[in-house]
Amino acid sequence: MAGVKGAAGCVEELRRERAGCSFNMEELTNILDGGKDITTRRREIEDLMCGDPAFKDEVPTEYLSHEDRYTTEVRKVCHLARKMAQHNISSRELGITSVTNLLRDGNPLGLHQSMFTNALLGLASPEQQRRWGRLAQNNTIIGTYAQTEMGHGTFIRGLETTATYDPKTEEFILHSPTITATKWWPGGMGKTCNAAIVMAQLHTQDECRGPHPFFVQLRDLDTHHTLPGITLGEIGPRLGLNSQDNGYLRFDHYRIPRTNLLMRHSQVLQDGTYIKPIHTKLSYGTMIVTRVGIAVLCVKKLACAVTIATRYSAVRHQSELVPGEPEPQILEYQTQQYKLLPHIASVYALILSARSVASVHGKVTADISRGNVDFLPELHTLSSGIKAVSAQDSTQGVETCRLACGGHGYMASSRLPSLYTSATSCITLEGENTVLLLQVARYLIKSYRAAVKGKPVLPSVSYLAASPPVHHTPELSNKALVEAFRTSSASLVRETEANLQRLCDMGQNYPHAWNSCSVALVRCGELHTRYYICERFLSSVESVAVSEGTKGILVCLCRLYLVYHVTLNQGHFLRSGTLSAADLSTLEEEMSDLLARLRKQAVPLVDAFDIRDELLASTLGAWDGRVYERLYDEALKSPLNKTDVPKAYYKYLRPLIKASL
Ligand SMILES: CCCCCCCC/C=C\CCCCCCCCCCCC(=O)SCCNC(=O)CCNC(=O)[C@H](O)C(C)(C)COP(=O)(O)OP(=O)(O)OC[C@H]1O[C@@H](n2cnc3c(N)ncnc32)[C@H](O)[C@@H]1OP(=O)(O)O
Ligand SMILES: Cc1cc2nc3c(=O)[nH]c(=O)nc-3n(C[C@H](O)[C@H](O)[C@H](O)COP(=O)(O)OP(=O)(O)OC[C@H]3O[C@@H](n4cnc5c(N)ncnc54)[C@H](O)[C@@H]3O)c2cc1C
């Protein structure tokens, strides 16, 4: 049933919705992909993979045991890896597609293809890259990124695993001194990987030099047995992503060669002399690039969810809008439009902003290779902010889409539950959201204080320095709304800094004063990032060269995004005096108009996300809209339906029923 395109083959409601499309769908698809060529390549790869029966699930994942789920996904991902090699598809190219949606329950090679590979690229010396790069690319070495410990995730400086240099043998001795030092969580580490980049406290010449990355072989490359001195296993069932074999790892005085310290930024010489990096946080670089990747990854989950919920809302009829008239499509209800349309706009806003951060990442990486780390704090701030806001918005958006589908949204076959469990993981992993927003706030407060003293600050926070006098915004144009965000953000930073200072003046030490202000500080981090996203979205929409119809719809989406977030955050605007209560009423009225206008384009807008049925994998969201047939077919797959009377009847129900007779 999957993948039928064209006017025929879909239910009448969807055919009608598509007939009213006011823009060039292909242009929107190209914008989301990042260019026409990328769309072409993405489709080539998706055609190749989706057409392959080896990726089909015979039994829905939810009916499988923990072990069978893992085995099924390993089978599929190994097939995928072989196909990638055969057809010369790189991990980066795979990243432009949604092919990993063929893996329903997490990717056992996900960490290998992302953080492990990126750690080798970013933290290993050129010689080390020659040594391990090819082996990793060939999948001879399958690695993960082992940083988090049972007792320490956020606070990297608190890691307990030690790597003590022994100059006599020119080796590091890796050791897990306590239960809390057990590495805990790394994806693929339980059973799949035979190597890892391990973050451990480097000790040399009787001094601890802080957390550093080491290449560590964990299993025999031939037998796959765990090497002596290492204890490895899988951590057990999780909320979602259960095929990703997140693992635990302990070291018992396990020796590795000196040259296994990743030496791009810092080195230990044969005699144990430590050579410092040009910036102490360069060893955290893999997390920075992954945060940008995760921002994109969770928006893709949101794009799936909103596609499913929008198509379903066009097909589903419920209640009476006008008494006595036929049941309308639920998409006619304004509340339903409010649940869905802002999230369609979010997909554009977040993808375009993450792309901007990715380009800052490219520039800063080039700077660092020339010895310039001036822009690293700004990159850390942007990547932390975009990851946190994207994960939060995507998760809330996916959940809203699930709720928007009523009871059927609760069915596993809708795919909305598993989209939720994967999106929400992004709030925690790769830096817990609150913690990352506090990092953004730290940079804002520091920059604001520097600016007040007349010191130069970097571009993304220069507005703090030039904070204009608070005034009521005279008009409500897009530009004015972005400016209102900027002014409110500057005002919140100013107010929070004043509170921080007041507490210090009253005798609190700085860390306690910081903690006392941290609810407001998180808001500062969030508002600054929202301002960045709004500014990037507007500037991308203004500069994009597309046909009139496409420009029109983008402008409308951007306007909805701005109005939606201004009204959601109205407290900040009222408090800073940038908008009045009357302005907010005007914007709320405009929101009604925008919802009504965009409602007509809702289905074409999600079609433009161009997510194939095989990758959407939803009974509610398929292109042809045949929701009820699919729900029924999926129900028939329940193992309980194999027999009319279940075994449990004979074992438990019958004795109960008969006893009461
Ligand atoms: C559209 C195009 C997009 C293209 C993108 C392409 C990219 C593709 C790449 C990847 C694909 C992604 C695929 C995703 C699949 C992967 C799934 C991942 C699974 C999850 C894996 C993990 O979870 S790994 C573990 C992650 N762990 C964390 O993130 C821990 C979080 N904690 C921290 O980061 C830090 O400890 C901390 C920041 C919270 C604090 O650090 P610390 O205590 O050391 O510092 P201080 O608070 O004392 O601060 C000192 C000083 O340092 C600054 N700083 C901190 N971190 C950094 C940094 N990373 N870089 C630069 N500077 C940093 C801090 O701000 C302070 O600065 P001051 O100047 O002193 O104020
Ligand atoms: C699905 C999944 C996959 C993962 N994959 C990997 C992997 O491959 N490799 C790896 O190394 N790790 C991995 N992790 C671990 C992940 O990176 C950590 O769980 C994450 O960084 C959060 O750290 P934590 O668990 O220690 O939470 P904690 O830091 O203990 O957080 C608990 C609470 O404390 C709060 N908190 C902590 N510090 C502060 C602070 N300074 N200020 C205010 N509040 C604070 C947090 O906001 C949170 O509410 C994975 C985790 C998950 C869920």
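Each Cβ is built from the backbone N, Cα and C atoms, and glycine gets one as well.
Annotated in TrEMBL:
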- 24-142: domain 'Acyl-coenzyme A oxidase N-terminal' (DOMAIN)
- Thr148, Gly187: FAD binding site (BINDING)
- 284-445: domain 'Acyl-CoA oxidase C-alpha1' (DOMAIN)
- Glu430: active site, proton acceptor (ACT_SITE)
- 479-658: domain 'Acyl-CoA oxidase C-terminal' (DOMAIN)
Practice problem: Express the distance between the Cα positions of Gly187 (FAD binding site) and Glu430 (active site, proton acceptor) as a whole number of Å. | Solution: 12
Exercise. Among the recorded positions Thr148, Glu430, point out the residue whose Cβ has the most other Cβ atoms within 10 Å, with all shown protein chains included in the count.
Key: Glu430
Quiz item: Measuring Cα to Cα, how many angstrom lie between Glu430 (active site, proton acceptor) and Thr148 (FAD binding site)?
Solution: 10
Quiz item: With DSSP, how much of the domain 'Acyl-coenzyme A oxidase N-terminal' (24-142) is helix, how much strand and how much coil, in residues?
Solution: 87 helix, 2 strand, 30 coil
Quiz item: What is the total of other Cβ atoms whose distance to the Cβ of Gly187 (FAD binding site) is within 10 Å?
Solution: 26
Self-check item: Taken over the domain 'Acyl-coenzyme A oxidase N-terminal' (24-142), the model's mean pLDDT
Solution: 96
